[in-house]
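Taken from TrEMBL as is:
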- C28, C208, H233, E237: Zn(2+) binding site (BINDING)
- 30-40: motif ''HIGH' region' (MOTIF)
- 265-269: motif ''KMSKS' region' (MOTIF)
- K268: ATP binding site (BINDING)
- 308-342: coiled coil (COILED)
- 354-417: domain 'Cysteinyl-tRNA synthetase class Ia DALR' (DOMAIN)
Amino acid sequence: MMKIYNTLTNKKEEFIPIEQNKVRMYVCGPTVYNFFHIGNGRTFIVFDTIRRYFEYRGFEVKFVQNFTDIDDKMINKANEEGTTVKELGDRYIDEYYQDADSLNIERATVNPRATEYIDEIVSFVKELVDKGYAYEINGDVYFSTKKFTHYGKLSGQNIEDLQAGARINVDERKQDPMDFAIWKAQKPGEPGWESPWGLGRPGWHIECSCMAKDILGETIDIHAGGSDLVFPHHENEIAQSEALTGKPFANYWMHSAFLNINNQKMSKSLNNFFTAREILSNYEADVIRFLMLSAHYRQQLNFNEELLESAKASVERIYNAIANLENLLEEVKVEVATDEERSYLNSLSKHKEKYIERMDDDFNTADAITAIFDLIKDINTNISINSSKESIVEALKLIRELGEPLGILQKSTKVSLEDEIEQLVEQRQQARKDRDWALADKIRDELKDRGIVLEDTPQGVRWKKI
Ligand code: AMP
Ligand code: ZN
């Protein structure tokens with residue numbers, strides 16, 4: 001049985017999908033006016049891991065993550081750069097894929113762009129107006145929060161408190177300070193689309209309501225995002241969607257905690273961020289994911305270099321164990337496992353059971369990682385040069401299997417050995433260019449010790465293992 005902490009009920013609940021063995025999941029994606037930072041990265045990695053884990057447990061996951069490609073930030077940035085909102089969006093969507101792929105984040109089943117859903121959004125808004133849940137003033141359309149009696153149910157805030165907060169910046173035209181724009185009239189210099197209320201553009205909240213419904217249906221299993229989205233974004237999404245359909249919008253609402261820096265939320269506006277790309281230039285995806293997943297997703301995590309270094313050391317420890325096993329595989333003589341070995345291999349399943357038990361309990365990746373370390377320790381003390389190939393293969397398979405839902409431990413150790421040799425060869429070439437013959441000879445000898453010989457060919461230096 002899988003359990004999920006549901007923000008809507010503030011409880012851990014058994015996960016019961018709408019359709020057996022299927023998960024329909026919507027995650028709020030980035031506004032594509034910049035590179036994403038490693039705080040956004042935490043949220044993307046967390047929900048990628050949750051998706052992978054559902055798949056590991058045999059669910060078929062339809063995973064939708066949108067791109068917000070029209071809003072004030074997009075418009076301002078495009079104006080600053082003297083480009084169009086469309087071009088800006090195209091560019092940063094490409095950059096998003098580059099970084100997300102580098103972080104080993106699986107591609108979503110669908111990545112809708114808000115600007116591709118304008119017709120559907122206009123119909124959505126129109127229906128809300130027709131049903132009396134929304135009203136127009138001079139080309140703007142507002143959602144009437146008073147009409148939706150459950151307003152505030154996700155964030156658990158009482159409507160009077162919310163109203164008091166909202167009064168600080170009252171727009172006189174609204175019927176109530178809590179009302180929010182679902183369609184915005186075009187202002188000079190802004191892009192606009194045709195609508196019954198004149199040229200305009202969608203509000204942020206309506207995009208997600210509309211795209212989730214169009215792609216996944218009126219009621220979905222899971223709606224997710226960072227915890228900053230609980231209010232107002234997700235509260236408003238619920239109001240719009242449930243007002244329209246009269247059905248629950250999402251059965252489970254999941255929110256990942258912030259990645260902080262000096263105990264403050266990492267954010268573009270505070271200018272205290274590192275882009276994912278910056279961090280990726282120094283640390284591998286395995287290390288970054290390991291760091292993110294070493295805390296429970298509902299716990300805030302304070303990002304710093306020490307944490308990165310310690311994640312790096314941990315990942316190296318696991319890869320060393322993998323490399324040792326792979327090397328052993330080439331050395332051992334016996335093919336088939338003995339009965340004794342077989343019963344040992346069976347006993348390894350206790351680590352997998354522990355891993356599954358912890359992941360089933362609201363995706364406790366921190367404990368899942370502990371289970372992987374226990375497995376490694378167990379294998380290190382029990383598998384040796386006297387083991388059979390079969391046992392080593394099984395042990396390796398299990399380590400890789402438990403790494404996969406976390407998006408880690410899938411790299412080949414052989415490739416990295418080759419990379420290392422390539423690097424040494426390059427360093428030697430450089431040494432020769434610098435006429436540092438001593439260093440060049442030293443590297444040649446080091447390579448020779450590792451069974452690598454160098455050949456000068458017309459195409460440059462080649463290496464081979466002897
Ligand atoms: P944005 O591009 O700002 O709309 O954010 C994209 C996603 O990243 C949303 O789900 C946010 O909730 C999430 N997010 C933004 N900042 C952080 C942070 N510091 N830690 C974790 N998630 C964040
Ligand atoms: Zn959203």
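Cβ atoms are placed via backbone N, Cα and C, with glycine included.
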Helix, strand and coil counts within the motif ''KMSKS' region' (265-269) (DSSP): 0 helix, 1 strand, 4 coil
Sequence-ordered binding-site residues from C28, C208, H233, E237, K268 with Cβ under 6 Å of an atom of ligand 1: C28
Neighbourhood of ligand 2 - binding-site residues from C28, C208, K268 with Cβ under 6 Å: C28, C208
DSSP three-state assignment (helix, strand or coil) for C28 (Zn(2+) binding site): coil
Fewest other Cβ within 10 angstroms of its own Cβ, chosen from the binding-site residues C28, C208: C28
Cβ within 8 Å of the mean position of the Cβ atoms of C28, C208, H233, E237: remaining residues of the chain near Zn(2+): W204, H205, E207, S209, H223, G225, L229, H234, N236
Distance from the residue listed as 'ATP binding site' back to H233 (Zn(2+) binding site), taken between C-alpha atoms, in Å: 18
C-alpha spacing of K268 (ATP binding site) relative to E237 (Zn(2+) binding site), in angstrom: 24
Per-state residue totals over the domain 'Cysteinyl-tRNA synthetase class Ia DALR' (354-417) - DSSP helix, strand, coil: 48 helix, 1 strand, 15 coil
